Structures are given as structure tokens and as C-alpha cells.
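Input: a single structure, listed below in C-alpha cells.
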């Protein structure tokens, strides 16, 4: 292109289904400021054109976007040809079409009427289904929308990231309580006493068991909780609070975890035991490493359909193939007991902790990424929405960037001015809420055993849930199955 062509003006005719706008603009500025026009006017047949016709989603908005290259125009300010929500969505489409940057955070709190939901889905499909976009779908989902239009994977994600959730806590007082976060109360009690025969009890009745609750896990596949105690495993239906099945065992259960498909579970004790939850058959993974005799399995997680990771009391991490009963690999990561093991939500990291440090590895456990050292680590958890790791260190709650290892927030639970001082015990647990803005943890005072809820984003006062008579030993977060949207999603998942 010669200098005269490069510096000449060009006519742009912007057409939508109902309207046409015409612009006469500087070709040089278009090329310099917009990749779309740079490619069009230097590489394609339009290189020598004086007039170009472009089909756009909205000619007025497209004109505004193009003119922002030539003057200081706030493109996010509605120019008045449609309502605010529609303007913002069409603006994104125009910016995406012309490959012009758009501030995605402008969409985060957007509310659209039912008739705008399909347009919203079109925009989200372009952006991608990240956490903010999932929350946008949840907040705008029409009451009678046909959920059958969504693929199963999206339905599961919507259910797991519901903003309406319950907290489930198990205790040495032999109870499991399901707490409703909005009412700050528990809506039912499940008193657990191991019995040889399964009996049905109404929700307002108590059923007494022999053994303390040691550990729990939740499966969204069937909306079930599994609990382990010193002598028994129970499978619970969340919807009606009934015991579905129970399995007796003659060993102490240190940790329990559902398989990804929800059809089996793995228990950690001296060995790994896998239970088929349909028929109750138990398979023991009991091959031993050299020098592993006498070690116990302290924590466990299911990494994929067939692979199980567990931590041992001698500081070793093992990976087992659940089908072949063989150890795939093992690694000495510490000289002391492994207390926790967890995958990041995006499955790119696996974190392992002992008393004084958390070590982050890549997902296949071949490369150590970083170490986070502390004084007395009790428990940790990944955020479901950000690159954030939260941990309990002594009396402190600490927040780290899990990619860099940088500490960016600390909260001290200990209040020396209070006569009823709170503290973390060795059994304390910590989790994020599904939205990632709240941290849920267990703690104790001299006379009380508590569940705390802290909105660390807003730095609100902590809400404490009281009800357990003895120390809380397990904690999990579940979608609120009474929420109407959650009910519809769960019913759709069950019927697919």
C-alpha cells in the first residue's frame, strides 16, 4: 500500500437487520488501532476499497465502538437505542466481532429478563464457561427454562457452584448436622448409632448409634453423603435424610472418599479398602512397600476413575490403580505424617501437607512446584473459583496464592480479651463456599464446638453456628437441595 492509500479516508457502511449507519473515517487509524481492520485493509481484497459494507449485530453500537478509536468515548455508556442489559450484551458482540478489548467484569452482576437469557447464553458461549459466567447463568436462569438444552457437564457444574448451599458437620457427639446458611440453623439432625439392621426414622426422630463420626464425603452424582466411624460406614440420602445402606467394619476409618462416578468409596486405615456401594463388596489394596509395614493410611482422594492417591504416616504419598490393586508410584515427601492431600479444582496441582509445610506438585506428581512453610498446619483447602489456598496455622487463617506461594491475607482467631477464647484443634476443618467468597471452618471454645462462616472478600464479622455437644471432626459443603433451581437440576441429572 502506498502512502496516499494508507493516509486516505474510507467509507464504512454498517448494516444490521433494521438500520444502516455510514462513517467516513481515517484508514490509517483503523489499521493502527484495530486488528480486524488491520488485516482487512492490508491483507484482503478490501486493500484498495474506498467503501466497505459490514454486516453487524447493531449498527448504532458498532458505530459507537468504531468512533471510540478516534475520540474519548465511553463505550459502556448506553447510547439510548435499547435497554441497558441488551446494550451491554450487544456491545460485547460488537467488540468481539471487531476484536476490540471489553471489560468482562461489566457483566458479572448483570441481570437479564427471561427473554434475554438466550442472548446471554450466546455471549457466555463466546467468552467461555469460567466461574463468573457460571454464576451469571445461575443468577439469570428463568424459572421454567428447559434444562434439557444444557449438556450434563454444564448441569453438574451449575449444581456444584450453586450460591445456595448447606454445611454438613459430623462430630464426636455422634451426630451429623445439616446447616442452612441463610437461616443459620440446622434443618435436621441425623443421630448415628451403628445397628445391624437398617431402620427408617422420620426426620423429627432421633436414631442413636454407637460410634463417633470420623469423616464424611459428598457426591453430587446421587446427592448422597457417606460417613465413616470406628466400626461402620453409612450412606445417606440428602433429600429425605434416610440411611440408604450401612456396612460394618472392624477397623478405624481415618478418611473416606467417593469415587468420581459415586458408585464406590475408598476408606483409609491400615490399608485402602474400596467398597462397591451397590452390593457392599469390599476390596482391600494391601500390597506393601518396602519399610511400609506398620504405617497407616491417613488421608485419601480419588484422582481419576481408577487412580487413588493416599498419604501415609511415614511421610509417603502413594498412587494406586483401583482396578489392578497395584501401586503405580510412591514418593517420600516428608519425614513426618501426611495429614492432608487434595487436588486443585482445575486438576493442575496436587497439594500435600504435614505439620509444618504444604508442598504443591504438578498433577502427575512428577515436579514440585513450590513449598509453603508454616508453624503448625492443621488443615487446608483450595478455592473453587480463584488461585487461592487457605490454611489453618495454629490460631491463624492464612490465604496464599497457590501459583506463586505469596501470603496475602491473615486472620487471627485468638482473642486474648475474651473469656471464651476460640481456638483450632487438631481436628479442625476448613473449606471454601461454592462461590469462593466465604470460608467455612470448625473451631472450639472451652464450652462450645462451632462452625464459623467468614466472608473474607467483604471482611464481614464471622457467623458462628452452635449445636454440637462434642468436637466437630468432619465438614463438607453441599448444594441446598431445597432450593428450587437446585431441585430442578438434580432431577434433570437423575433422569439423564
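Cβ atoms here come from the backbone N, Cα and C positions, even for glycine.
Summarising the annotation, Swiss-Prot assigns domain 'BTB' to 8-78. Annotation comment: Swiss-Prot describes 149-189 as repeat 'WD 1'. What Swiss-Prot lists as repeat 'WD 3' is 250-285. If you look up Swiss-Prot, you'll see 422-464 marked as repeat 'WD 6'.
Within the model, the repeat 'WD 1' (149-189) carries an average pLDDT of 78.
Listed by sequence, the residues of this chain that lie at least six past the ends of the repeat 'WD 1' (149-189) yet keep a Cβ under 8 A from its Cβ atoms are 129, 131, 134-135, 137-139, 141, 203, 206, 208-216, 218, 220, 225, 227, 236, 238, 241, 384, 433-435, 440, 442, 449, 451, 453, 463, 465, 467-483, 485-486, 489-490, 492-493, 496. Helix, strand and coil counts under DSSP for the domain 'BTB' (8-78) come to 29 helix, 19 strand, 23 coil. With DSSP classes pooled into helix, strand and coil, the tally for the repeat 'WD 1' (149-189) is 10 helix, 18 strand, 13 coil. Helix, strand and coil counts from DSSP across the repeat 'WD 6' (422-464) read 0 helix, 20 strand, 23 coil. DSSP states for the repeat 'WD 3' (250-285), grouped as helix (H, G, I), strand (E, B) and coil, give 0 helix, 18 strand, 18 coil.
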